[in-house]
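S.K.: Let me begin by handing over the structure; questions about it come next.
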Amino acid sequence: MTDATAPFDAATATAAYRSALQVIGAVEPRVADAIGAELADQRASLKLIASENYASPAVLLTMGNWFSDKYAEGTVGHRFYAGCQNVDTVEALAAEHARELFGAPHAYVQPHSGIDANLVAFWAVLATRVEAPALEKAGVRHVNELTDDDWRDLRHALGDQRMLGMSLDAGGHLTHGFRPNISGKMFEQSSYGTDPGTGLLDYDAVRERAREFRPLILMAGYSAYPRRVDFAKMREIADEVGATFVVDMAHFAGLVAGKVLTGDFDPVPHAHVTTTTTHKSLRGPRGGMVLAQPEYADAVDRGCPMVLGGPLPHVMAAKAVSFAEARRPEFAGYAQAVADNAQSLAEGLARRGATLVTGGTDNHLVLVDVTSFGLTGRQAESALLDAGIVTNRNAVPADPNGAWYTSGVRLGTPALTTRGFGAAEFDRTAELIVDVLAGTTPTATRDGGVSKAKYTTTDGLADRTRAAAAELLDAHPLYPGLDLD
Ligand code: PLP
């Protein structure tokens, strides 16, 4: 086992999973079979989905127990249900580990997902910056005490706020104020993009847009931007225009926890509110979290039932376990390897002629512009999948193929780094990817054009690539020693 993998004892984990599958199989064997099949599938694919990882058996096992049965609305020591003493223990532990891990004054570990964490953050900003002053002005403590006229005015004021975030095609996320998402219906949104020449964030342009637009919330964070963000500079801009600075570090939280992104590139000391998922580079259970400066802590803690359903105590317990793992020195080694491996992957792709958005990476992901191979993102994604390489298509800045077909594929290193892949394996992976892209041709359409979806691949290429990928995967087994048979 390499340092990159969260440590576990294979014999104990094997016994635990075999017993669990026996218990499950006695009720619905098809579910037990599907769980086993999922492990086999994950073991057999070269997973480069930038938002996925492999949580440790300890994290996974923590979610399968009676904590799942508890209702625990409220916060630690302050519940709307009796009998929450053990939930208090795990929630307090998860929050304590999170505060220590990220150096944050406050951590709220209840959000069920990244989207939920963002909703909590938006609510907390609205509550603190719009609702609280309105209550104070009206001389009341609670919205129920407002007159009907004051209530109507408050609702209008809440609906009249602005958010400035990174544009979707530059790598921003749908929840950062875009129309198809509830955030775009709550806020009037404007976007900042990246420099058309370099593909890099242009902070002067962000400042200019912020000065014109005067947002309540300046949002940073991304799903598909392959570079570090200078959060100190972004905070300066937020301060200049009186905005609350919210960072969604869902993708790169593992690099923050592992101290790869530090100083100006660590969002936590600079943002008023930082949101994250816990399951991507951070390698915890599926879930979300909000970190907050003290002035937003109370409003953040009212996330449930304001915008969240009851907390999931089994997942909060698993968050505590994963954060304990991330506080071990091995995790910093893992995070550094994720970033180093992204460099190797990027260099390997570029050396073989692939075009990379921004020319490279300094985080965990690489965005390949596949138009130089004559392909759409959709064709590239499908051809790679045929060859056993799992990626996702992604828009590139000013994408000529739109959000459905796209012109890019996004590749991330967190999952395969957990399997123990290093520089040589990622270089070989780059070679396999370029071979597949170069060997794939769009199908001609009847009207003489080219299809955006259909393609053909050189005979035998997919099979040869699968065999080569299997060699890499066999050398770095997922959950080594864990044997379900
Ligand atoms: N924020 C960012 C930046 C993301 O990339 C994602 C998901 O990919 C989310 C939020 C949403 O996370 P979840 O799927 O847990 O709701």
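Glycine residues also receive a Cβ, built from the backbone N, Cα and C atoms like all the rest.
Quick paste of what TrEMBL says about this protein:
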- 27-128: domain 'Serine hydroxymethyltransferase-like' (DOMAIN)
- 161-433: domain 'Serine hydroxymethyltransferase-like' (DOMAIN)
- Leu168, Gly172, His173, Leu174: (6S)-5,6,7,8-tetrahydrofolate binding site (BINDING)
- His279: site 'Plays an important role in substrate specificity' (SITE)
- Lys280: N6-(pyridoxal phosphate)lysine (MOD_RES)
S.K.: Please count the residues of the domain 'Serine hydroxymethyltransferase-like' (27-128) that DSSP assigns to helix (H, G, I), strand (E, B) and coil.
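M.R.: For the domain 'Serine hydroxymethyltransferase-like' (27-128), the helix, strand and coil counts are 58 helix, 9 strand, 35 coil.
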S.K.: Including all protein chains shown, what's the count of other C-beta atoms within 10 A of the C-beta of Gly172 ((6S)-5,6,7,8-tetrahydrofolate binding site)?
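M.R.: The answer is 24.
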S.K.: Return one of helix, strand or coil for His173 ((6S)-5,6,7,8-tetrahydrofolate binding site), based on DSSP.
M.R.: coil
S.K.: Return the residues near His279 (site 'Plays an important role in substrate specificity'), defined as same-chain residues 6+ apart in sequence whose C-beta is under 8 angstroms from its C-beta, sorted by sequence, else 'none'.
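M.R.: Sequence-distant Cβ neighbours: Glu52, Asn53, Ala55, Pro285, Arg286, Gly287.
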S.K.: At 10 angstroms around each C-beta, which of the binding-site residues Leu168, Leu174 has the fewest other C-beta atoms nearby?
M.R.: Leu174
S.K.: Can you go through the recorded positions Leu168, Leu174, Lys280 and pick out those with a C-beta less than 6 angstroms from ligand 1?
M.R.: none
S.K.: Within 8 Å of the centroid of the Cβ atoms of Leu168, Gly172, His173, Leu174, which other residues of that chain place their own Cβ, given that this set defines the recorded (6S)-5,6,7,8-tetrahydrofolate site?
M.R.: Gly165, Met166, Ser167, Gly171, Thr175, His176, Phe178, Tyr222, Ser223
S.K.: DSSP secondary structure for His279 (site 'Plays an important role in substrate specificity'), reduced to helix/strand/coil, please.
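M.R.: For His279 (site 'Plays an important role in substrate specificity') - judged by DSSP and reduced to three states - the answer is coil.
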S.K.: In whole Å, note down how far the CA of Lys280 (N6-(pyridoxal phosphate)lysine) lies from the CA of Gly172 ((6S)-5,6,7,8-tetrahydrofolate binding site).
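M.R.: Rounded to the nearest whole number, the Cα-Cα distance is 16 Å.
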S.K.: By the count of other Cβ atoms within 10 Å, pick out the sparsest of the recorded positions His173, Lys280.
M.R.: His173
S.K.: Considering Cα atoms only, can you say which of Leu168, His173, Leu174 is the nearest neighbour of the residue listed as 'N6-(pyridoxal phosphate)lysine' among these binding-site residues?
M.R.: His173
